[in-house]
Amino acid sequence: MERTTNFNAGPAALPLEVLQKAQKEFIDFNESGMSVMELSHRSKEYEAVHQKAKSLLIELMGIPEDYDILFLQGGASLQFSMLPMNFLTPEKTAHFVMTGAWSEKALAETKLFGNTSITATSETDNYSYIPEVDLTDVKDGAYLHITSNNTIFGTQWQEFPNSPIPLVADMSSDILSRKIDVSKFDVIYGGAQKNLGPSGVTVVIMKKSWLQNENANVPKILKYSTHVKADSLYNTPPTFAIYMLSLVLEWLKENGGVEAVEQRNEQKAQVLYSCIDESNGFYKGHARKDSRSRMNVTFTLRDDELTKTFVQKAKDAKMIGLGGHRSVGGCRASIYNAVSLEDCEKLAAFMKKFQQENE
């Protein structure tokens with residue numbers, strides 16, 4: 001079977017080796033006589049999967065000992081509510097850097113629980129860049145929230161701010177795509193369905209000391225401390241999604257770890273951005289060059305009809321997921337960790353040929 005090249009924004013491409021291993025273990029996991037999907041979350045077989053996923057995250061990301069790792073449900077969208085529910089108090093303000101739709105959603109949820117402030121925004125330029133951040137007025141804030149990569153607009157933080165208050169990052173779309181200093185953040189969270197595995201599990205990495213500030217009057221299942229104490233087993237976890245997460249992390253380790261994948265991601269992005277920049281305006285990048293994402297390459301063509309033709313012809317060539325979001329229009333190539341350099345070279349060759357045929 002010829003595999004389709006998957007440029008979807010999420011759920012996104014998974015490594016073929018991971019899919020093949022999951023296929024092999026789907027019926028009989030480790031000679032247990034059961035599918036991995038049938039394992040009790042209290043069994044020793046699943047416990048090994050659970051702990052393996054945690055230990056691989058610690059190893060690959062260099063997570064310090066003073067952090068907890070949680071596997072939760074509800075997607076990153078639930079974190080938009082859980083964070084202020086647990087950590088925003090009446091006398092404090094949650095500060096936001098607005099860089100796209102996901103920042104807007106996080107801000108909207110936080111407003112339901114307390115005071116918020118927009119520290120910086122690039123909304124007036126349709127979120128085409130990461131704004132400069134002045135942190136002089138946030139010293140008494142509850143936390144500063146950022147979105148590390150913006151899938152819709154194709155922008156990404158190149159350097160993270162040195163925040164005088166707790167720094168919280170939604171890293172759903174670029175976690176483990178590059179080396180970061182975890183110790184700069186009090187909370188990192190992200191849905192798995194872009195770089196970590198299939199949809200269904202949300203990874204939360206939280207500084208242990210931050211739990212001391214947790215609000216008391218919160219439903220038990222929505223308290224972070226509940227899940228820390230239960231090792232993410234307070235209720236039945238998404239066992240298959242966590243199993244797949246462990247396989248993806250294992251694949252990443254076997255392929256050189258984060259340092260190697262970061263180099264590959266830079267090469268992949270450069271192939272596509274060079275194609276855009278050398279097209280004499282046939283393709284126009286949405287993101288400013290100093291804010292370009294290595295995960296989501298966004299670009300427009302001269303009109304909607306040409307864009308539709310581009311997307312359809314790409315689909316005919318077994319490349320899917322290239323339609324842009326309505327906020328930007330045009331096209332978007334999501335090139336997460338599992339998308340290969342060869343996949344990006346195939347797309348670039350298609351783009352050059354399409355330009356020659358339609359100029």
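Keep in mind that glycine also has a Cβ here, set from the backbone N, Cα and C atoms.
Keep in mind it's a predicted model, so treat the numbers as computed, not measured.
Among the features that Swiss-Prot reports, L-glutamate binding site is placed at ARG42. Feature annotation from Swiss-Prot assigns pyridoxal 5'-phosphate binding site to ALA76, SER77, TRP102, THR151, ASP170, GLN193, ASN235, THR236; the stated evidence is similarity to another entry. Residues annotated as N6-(pyridoxal phosphate)lysine in Swiss-Prot, with similarity to another entry given as evidence: LYS194.
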### Task
Consider each pair of residues in ALA76, SER77, TRP102, THR151, ASP170, GLN193, ASN235, THR236, all listed by the record as binding pyridoxal 5'-phosphate, and report the largest Cα separation in Å as a whole number.
31
### Message
Using a 10 Å cut-off on CB atoms, tell me which of the binding-site residues THR151, THR236 is the least crowded.
### Response
THR236
### Neighbouring C-beta atoms (10 Å sphere around the C-beta of ALA76 (pyridoxal 5'-phosphate binding site))
23
### Task
For ASP170 (pyridoxal 5'-phosphate binding site), just give me the three-state DSSP call.
strand
### Query
How would DSSP class ALA76 (pyridoxal 5'-phosphate binding site) in three states?
helix
### Message
Between the Cα atoms of THR236 (pyridoxal 5'-phosphate binding site) and the residue listed as 'N6-(pyridoxal phosphate)lysine', what distance do you get, rounded to the nearest Å?
### Response
23
#### Entry: DSSP-derived class (H/G/I helix, E/B strand, else coil) of TRP102 (pyridoxal 5'-phosphate binding site)
helix
## Note on the structure
A correct count of other C-beta atoms within 10 Å of the C-beta of ASN235 (pyridoxal 5'-phosphate binding site) gives 12
### Message
Return only the integer: C-alpha distance in Å from SER77 (pyridoxal 5'-phosphate binding site) to LYS194 (N6-(pyridoxal phosphate)lysine).
### Response
15
### Task
Inside 10 Å of the Cβ of SER77 (pyridoxal 5'-phosphate binding site), count up the other Cβ atoms and send me the figure.
16
### Message
Among ARG42, LYS194, the recorded positions in question, whose Cβ has the most other Cβ atoms within 10 Å in this structure?
### Response
LYS194
### Query
So how many other Cβ atoms are close to TRP102 (pyridoxal 5'-phosphate binding site), meaning within 10 Å of its Cβ?
21
